Amino acid sequence: MHINAPYELVLFGGLGDLALRKLMPALYLLYRDGRLPSGRIFAATRQTLEREDFLGRIEKALKSHLPSEYLELATWEGFSQCLHCLTIDLNSAQGYLDLATTLGSDDPNRVYYLATGSDLYTPICQGLHDSGLIKSNSKIVLEKPIGHDYESASAINNIVSEYFDECQIYRIDHYLGKETVQNLMVLRFANSLFESQWNQHYIDHIQITISESIGVEKRAEFYEQVGAMRDMFQNHLLQLLCITAMEPPARLDPDSVRDEKVKVLRALKPIVGNHISDNVVRGQYDAGVAEGKPVPRYRDEPGVHPKSMTETFVAVKVEIDNWRWAGVPFYLRTGKRLAERACEIVVHFKEIPHSIFPLQHKSTMANKLVFRLQPDEGVRLMLCEKRVGPGMNVRPMNLSLNPANHKQTRVPEAYERLLFDVLSGNATLFLRDDELLEAWRWVDPILSYWEEIEQRPEPYTSGSWGPAAATLLLAKEGRLWDENS
């Protein structure tokens, strides 16, 4: 795959947190590696800035978010020639007419990236349409969260699809851009060793964890409206579940992959009514110590309501009603102010039926395959081997596959891969409209139940691994979360 030149990338919200923290560094790295050809990158913002001030902000962001060895003067000077600041009022028709004048009448490979709130999707799409800026080869990128529930997500889909065909819409989930997620697909579908055992006959259960050590930080106003279920579970965790559980696609093309992911979402066993309290844990962090410092409880954070009912932790036992996964529980959890920042998919294989080694500890009987997505990416397979010395003592050992260990290899950031894919027209790692809606359809009953009971999420100490009920969720079935096993 390659990026067709010339290209134009218009970043709405071009000087916002996402753009400065993730998008601009990713674009710089693509340029540095020679994968970003000549083109124009427009940062669309409400602010009016002199070019020197604008470039100064971008350069400061790169220095803050990239290793110093990547910041080369010649590279920056070349990259900065691609950058342009564009002042626009997103609710003004004149703003889009001015944008059309700036972009010109050429018909390049053009991408509109909406790094804004979903409340601005309608005026942006309508403004682009009315000013003649949507062509057959135009693309639009939508950031999460897309909607607040099934109804609002469906409304957003309908609005955007009035102006763009589905093949032009790229709904982004940056976790799918991580190298290890793609490696999971390769390890599964390119190795008979794993694919032949990727089912209920050999797998006991699967755990997927996205944990954060930080709190709500400066996002209280946003977080109060969404909580952990909408912010992380409905999108990131369910997408990782789909990649882990899906059937082999017929081909490695966008619709074949997304067809299989949709099948997983449609096969999820509904959790409704009284079953919610048995299978779902909802928590909110209390005061404690995180990253070596005392931290306040969620309700005492600036901008948070003192009686907030917003969850900062969710753990769910998920079951998939199909042949491959019958009887295999998936345990998914995410939370803030947890013991460490991590993202892992852990496949726990079943224990051997009978051990011939009398001193073999129970914990070494079952193999497990760990896909670590952050903070460092890699894969390790836990096996058993003989301990050196007399006797037949068994001990666990890890076979490690870490992409960073390959000499001269820099593991690309998720947004690098995804921006490259958008500009080159590859939608495989992006969500289709039915994927988005099926995910919302499944979580909506849980969200509605929480609103009805009006019960405070279970408190947990900052710096811990979440509320006690999350431990019990596995313990009542004789299992442990991976950090305790």
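Backbone N, Cα and C atoms are what each Cβ position is placed from, and that goes for glycine too.
With Asp89, Leu90, Lys144 listed by TrEMBL as binding NADP(+), the candidate from Arg46, Arg51, Arg57 annotated for that site turns out to be Arg46. Take the substrate site that TrEMBL assigns to His174, Lys178, Glu212, Asp231: the candidate from Lys63, Lys307, Lys317, Lys336 listed for it is Lys336. The number of other Cβ atoms within 10 Å of the Cβ belonging to Leu90 (NADP(+) binding site), over all protein chains shown, comes to 17.
The two recorded residues, Glu212 (substrate binding site) and Asp89 (NADP(+) binding site), show a Cα separation of 35 Å. There are 19 other CB atoms within 10 A of the CB of His174 (substrate binding site), with all protein chains counted.
Within the model, the domain 'Glucose-6-phosphate dehydrogenase NAD-binding' (10-183) carries an average pLDDT of 93.
Taking CA atoms as the reference points, Asp231 (substrate binding site) and Arg46 (NADP(+) binding site) are 26 Å apart.
For the binding-site residues given as Asp89, Glu212, Asp231, the lowest number of other CB atoms within 10 Å of the residue's CB is seen at Asp89. You'll find the Cα of Lys336 (substrate binding site) roughly 35 Å from the Cα of Asp89 (NADP(+) binding site).
In the three-state DSSP scheme, His174 (substrate binding site) is classed as helix.
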